[in-house]
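Visitor: Dumping what TrEMBL says about this protein:
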- 1-109: domain 'NADH:ubiquinone oxidoreductase chain 4 N-terminal' (DOMAIN)
- 21-41: transmembrane segment (TRANSMEM)
- 61-80: transmembrane segment (TRANSMEM)
- 92-110: transmembrane segment (TRANSMEM)
- 112-402: domain 'NADH:quinone oxidoreductase/Mrp antiporter transmembrane' (DOMAIN)
- 116-136: transmembrane segment (TRANSMEM)
- 148-167: transmembrane segment (TRANSMEM)
- 187-205: transmembrane segment (TRANSMEM)
- 225-244: transmembrane segment (TRANSMEM)
- 256-275: transmembrane segment (TRANSMEM)
- 284-302: transmembrane segment (TRANSMEM)
- 308-329: transmembrane segment (TRANSMEM)
- 341-360: transmembrane segment (TRANSMEM)
- 390-411: transmembrane segment (TRANSMEM)
Amino acid sequence: MLKIIIPTTMLMLTVWCTNQKWLWTHTIANSMIIALISLMMFNLPLEIMLQTNKFLGLDFISSPLLILTCWLIPLMILASQKHLKENPPTRQRMYISMFLMLQISLILAFTSTELILFYIAFETTLIPTLIIITRWGNQSERLNAGTYFLFYTLAGSLPLLIALLALQNNTGSLSLYLLENMKAPYLFLYTNKFLWFSCLLAFMVKMPLYGVHLWLPKAHVEAPIAGSMILAAVLLKLGGYGIIRISLLLTPQKELCYPFMILALWGVIMTSLICMRQTDLKSLIAYSSVSHMGLVVAAAIIQTPWSLTGAVILMISHGLISSALFCLANMNYERSHSRTLLLVRGMQAILPLMGMWWLFVNLSNMALPPSLNLWGELTIMVSLFNWSKWTMLFTGLGTLITATYTLYMYLMTQRGPAPMHLNKMTPSYTREHCLMSLHMLPMLLMILKPELISGNFT
């Protein structure tokens, strides 16, 4: 982990010291080198946690998410170039620094073996994200979106802090090693319903679970392109990682599982139906994320080897696909200055290569074979069916509606007659095709070897 944390910290110094002419080139090149170094973490022993020191460790749950974080940082900087071209140099450097600060806090969150360090890193991610949304957002509603984002997350996190302090008071330690290996009867004394609920509430808000999801569409719509990418691709996965990591330590509370499971599966259907009525492209993609994360919440709660494997696979594949969808939406917005679906029709005739990327990404989003989304969704659906046969009704209907709104999004943006105001549109750039290739290439390679991210939960 130190191989990544130290270069990322040094890159922050490079951002402020480098010549303005080479700022973007140096930042993208160096962050890409860090991303390539992180790929070595695929080559980990699956049975044990690789420990750097007593506070940091890496295992099969955290390594795929850590690699995803490192891989997406250069892509976000690449996607932001046009958006920030007119900004003063100091603001450009500050913008890049925010993402590097976010990367460091996410690395600490995914690798910490002390739960209180995890909590501090988890909360630290709020600061740069809030600054990115409220300072570089596109619309006047961005302050309102920032307020929703901050207070929803803080309100959910307070019970987690109280639960961790109670656990520290009763067990004398918050080390994952100790809590995992502690004798069951001693830990059972303290894992009552309140502790279970408090620990998981913060992560349910972060995912977000249907019912506490209202901050997400607002934050996505108002955030700049890189803000939307990091929110959808990594920050939501922080919630899923927290649920998996904490729920493996605690005694399952069957009575409390049912309300969360009902909300998660009902949310899959409801948010998919909301997607069918959206006229704003970014809002549609944001609600689509809530729908996919509902499956991850349901899978993480039942805690079977199959469900946890499916949850990790779906988190990784959704991270890449939702980020790619936001990139495509931003490419449309930069040319048409509108996110309304009716005003950006018939784009395939104007930008045929971009139409190809839209097709590939939408097919992956609807879990068409042999995409990685299919691996994740199928594994989750089988494990949920094994848990209760009634879940097939929700997951089957959710999959059907997902395919419907994905087709609706593709047909509305790419097909039909092109409006007259789009005739003078600029062609697609090499930068944009490079960006989409770097999103889709890992997806295609992991289709061939999904065990890299599927973990060893058995």
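Here the Cβ of each residue, glycine as well, is placed from N, Cα and C on the backbone.
Note that TrEMBL annotation is computational and uncurated.
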Visitor: With Cβ-Cβ distances below 8 Å as the criterion, list the same-chain residues six or more beyond the ends of the transmembrane segment (21-41) that contact it, or say none.
Guide: 3-4, 7-8, 11, 14-15, 58, 63, 66-67, 70-71, 73-74, 77-78, 81, 89, 92-93, 96, 100
Visitor: Looking only at the recorded stretches 116-136, 256-275, 284-302, 308-329, 341-360, which one has the largest tally of CB-CB distances under 8 Å to the transmembrane segment (92-110)?
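Guide: Between the candidates 116-136, 256-275, 284-302, 308-329, 341-360, the best contact partner of the transmembrane segment (92-110) is 116-136.
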Visitor: Please compute the mean pLDDT of the model over the domain 'NADH:ubiquinone oxidoreductase chain 4 N-terminal' (1-109).
Guide: 90
Visitor: Suppose I define contact as three or more CB-CB distances under 8 A, residues 6 or more apart in sequence; do the transmembrane segment (61-80) and the transmembrane segment (225-244) meet it?
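Guide: Yes, since the transmembrane segment (61-80) and the transmembrane segment (225-244) share at least 3 Cβ pairs closer than 8 Å, they count as touching.
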Visitor: Cβ pairs under 8 Å with the transmembrane segment (256-275): which stretch of 116-136, 148-167, 225-244, 341-360, 390-411 has the most?
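Guide: Highest pair count goes to 390-411.
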Visitor: Among 284-302, 308-329, 341-360, which stretch has the highest count of C-beta pairs below 8 Å with the transmembrane segment (390-411)?
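Guide: So the stretch in question is 284-302.
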Visitor: Work out, from DSSP, the number of helix, strand and coil residues along the domain 'NADH:ubiquinone oxidoreductase chain 4 N-terminal' (1-109).
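Guide: Tallied per class, the domain 'NADH:ubiquinone oxidoreductase chain 4 N-terminal' (1-109) gives 78 helix, 5 strand, 26 coil.
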